[in-house]
Amino acid sequence: MVSQLFEEKAKAVNELPTKPSTDELLELYALYKQATVGDNDKEKPGIFNMKDRYKWEAWENLKGKSQEDAEKEYIALVDQLIAKYSS
């Protein structure tokens, strides 16, 4: 179960005045999934579904990371993005 702070950061990232880069969004997605679900157990998307494939690969790269560590890293990343895009 994720913390209240994690849930607040997940909302805050959607309210940034500037959209994060594609790489930042992939990292956010992967950390969010690892924190909320755990290791990726989904089937790898087909080669022609590039967007979902990139998301799947980003999440897959976190396999073995604890949900608690992923949550902490997600919160830290959101804080960095808030500082970067809100200034």
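Here the Cβ of each residue, glycine as well, is placed from N, Cα and C on the backbone.
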- line: What Swiss-Prot calls ubiquitin cross-link, among K55, K72, is K72
Task: Could you check Swiss-Prot and say which of K33, K51 is marked as ubiquitin cross-link?
output: K51
- line: For the domain 'ACB' (2-87), the averaged pLDDT of the predicted model is 96
- prompt: When DSSP states are grouped into helix, strand and coil, how many residues of the domain 'ACB' (2-87) land in each?
  reply: 55 helix, 0 strand, 31 coil
Query: Rounded to a whole number, what is the top Cα to Cα distance in Å among the residues the record ties to acyl-CoA, namely Y29, A30, L31, Y32, K33, K51, K55, Y74?
result: 21
- request: Output, ordered by sequence, the same-chain residues six or more apart from Y74 (acyl-CoA binding site) with a CB under 8 Å from its CB, or 'none'.
  value: F6, K9, A10, L28, L31, Y32, A35
